[in-house]
Amino acid sequence: MERLNRNRSYQEELNFIEKINDYSYRIKLGFVPNMKVEGLFYADLPLEHLMFEELQHFCSCNGVGGFLPGVKQIGNVAALPGIVGKSIGLPDIHSGYGFAIGNIAAFDVANPKAIVSPGGVGFDINCGVRLIRTNLHERDVNPMKETLAQSLFDHIPVGVGSRGIIPMNARDLDEALEMGMDWSLREGYAWAEDKEHCEEYGRMLQADSNKISLRAKKRGLPQLGTLGAGNHYAEIQAVDEIYDSFAAKSMGINRRGQICIMVHSGSRGLGHQVATDALFNMEKAMIKDGINVNDRQLACARIASDEGQNYLKGMAAAANYAWVNRSSMTFLARQAFAKCFHTTPDDLDMHVIYDVSHNIAKIEEHVVNGKLSTLLVHRKGSTRAFPPHHPLIPVDYQLTGQPVLIGGTMGTCSFVMTGTSQGMSETYGTTCHGAGRALSRAKARRSLNYQEVLDRLNASGISIRVASPKLVMEEAPESYKDVTNVVETCHLAGISKKCFKLRPIAVIKG
């Protein structure tokens, strides 16, 4: 393991960071040891201030405390074997395990030394967002907002340790892990068209349930169809602004005030255990294969090795679990709305607009240095954003580009964007995923009062149902960067395009 150069002053560190334009910065070789490619990150002035403040704090305490700023993590990823292009940080980047959250990197599958790293995916494999539209207007919902919020809260199990109500045994779980949304469709928890509007059509074909440990399966079995805690939520939202009416209409959005439901959840304890198991195995693989990294949290294995392949197959199975999970909650949300409005989900036009992953690694084809290459793209805290006419996006969105779902923080707006050709060439067809933390969870708990946060949401006209009220401080808007700045930076940088904005009217949290 190489040690970071902790003796440089803040001013000396700044010599390695160069502003390219108003929205992007280059990290030069030498910023951390062993960099094989340069780094790149996107930020406007307010976000830039947060990035550099983090670096300045790191320099002032001489790196003591184990905390690494996002820019250093971008540099450490740029030192990994087999990386191509650049190590890229998005505007919502913040410090994470191994990779920063909001850090993307691609590795050349043809290079026998290229690696896969669980830290480049995260512990909540396929944590992601699904957006469901309705034909309801805000005026239809407002008189019964509290009833609807309670109905959603009653239907969807939430919170730490919550247990699902989808009946499942060990055999069902193995089938769900391998079949993804095809299992949901077979069991009657999804509509056929839901799959069409889902990244990977809701199923990663390389999934192998045999690569999931018994402990991971035991954690996952009771949790299917549950929201969980932390930053996971189900929100009833109203369309607040439409920026691109052509693209919005292709998604069934045609007026301000139209009601949507956003579900944000992942692979629960199963995905966490898959990552934990893989990290243990990869630390041994690194010794065996002589792999050196700057940060031991970047534990990795050669893509082609047994350890690398086992992780990718297990990760794919965990991703399938997450898609089944969001499909199960879609089923429950449809039931809740149908019950409240005394009609059917079909009559309410409760169709899935799209479902995206924010934590995943996938083999894709991209142009690097003018040559088409097969790459393993790690997206951690970031969203795939493929452009118009890309073969992997649905027919409905061929003219507009892939919908990109950007969740805000509790009580703030969310956005839908679309993928662009510029994003395809600059960021491997990837953009931001949300607001990105500005305060650590511990600092948020120390500095905020949960009752004040809840009162402020109520004063804003937002109905809220929370399983663990004291966890609310961790997810308060003050704990995060401004999602509007993040989205605007991506839009102005050209890596994705604004389509419409959503405003919360009811929030369900763990």
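Each residue, glycine too, has its Cβ placed from N, Cα and C.
Per Swiss-Prot, Mn(2+) 1 is bound by Asp124, Cys127; the candidate from His232, His342, His351, His366 named for the same site is His232. Going through His49, His264 against Swiss-Prot, the one listed in the Mn(2+) 2 site together with Cys127, His358 turns out to be His264. The record gives Cys127, His264, His358 for Mn(2+) 2. Within 8 Å of the mean position of their Cβ atoms, the other Cβ atoms in that chain belong to Asp124, Asn126, Gly128, Val129, Asn231, His232, Ser265, Gly266, Ser357, Asn359, Gly407, His433, Gly434. Rounded to the nearest whole angstrom, the C-alpha distance between His358 (Mn(2+) 2 binding site) and Ala234 (GMP binding site) is 16. Restricting the recorded positions His264, Asn359, His433 to those with a CA within 10 Å of the CA of His232 (Mn(2+) 1 binding site) leaves His264, listed by sequence position. For the recorded positions Ala234, Asn359, His433, a Cα to Cα distance of within 10 angstroms from Asp124 (Mn(2+) 1 binding site) holds for Asn359. Neighbour counts were taken as the number of other C-beta atoms within 10 angstroms of each residue's C-beta; across the binding-site residues Asn359, Thr409, the minimum falls on Thr409.
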